[in-house]
Amino acid sequence: MKSLLLLAFFLSFFFGSLLARHLPTSSHPSHHHVGMTGALKRQRRRPDTVQVAGSRLPDCSHACGSCSPCRLVMVSFVCASVEEAETCPMAYKCMCNNKSYPVP
């Protein structure tokens, strides 16, 4: 009987704390409503800059040392078959005055 009471107390405490985390506890409903409209406006606002999904190209700004202009060049691979063409790896190197430098 004692263990049953302890279990009931624990479960009520556990679920009570779970609900307290997810339910808003505002004493003024109008303040909660204003906050929600502000949050919705922020979600609907378009970003100032466009973000592209995926990884970025390597940066060659410091790869060539004092040589300039240091620019990024894509190294091409010849794939063995047409089926492998979609998964053919892409590699980059930094070039300055016909000399190649490794990408940092």
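The backbone N, Cα and C atoms fix where each Cβ goes, and this holds for glycine too.
If you go by Swiss-Prot, C88 shares a disulfide bond with C79, out of C67, C70, C79. Here the candidates are C67, C94, and Swiss-Prot names C67 as the disulfide partner of C96.
For C64, the disulfide partner recorded in Swiss-Prot among C60, C70 is C70. With C88 (disulfide bond) as the anchor, the candidate recorded positions are C60, C67, N98, and the one with the nearest CA is C60.
Taking all protein chains in view, 18 other C-beta atoms sit within 10 angstroms of the C-beta of C64 (disulfide bond). Considering only the recorded positions C67, C70, C96, N98, the residue whose Cα is spatially closest to the Cα of C60 (disulfide bond) is C70. When the Cα atoms are compared, C67 (disulfide bond) and C94 (disulfide bond) turn out to be 11 Å apart.
The two recorded residues C64 (disulfide bond) and N98 (N-linked glycosylation site) have their Cα atoms spaced 11 Å from each other.
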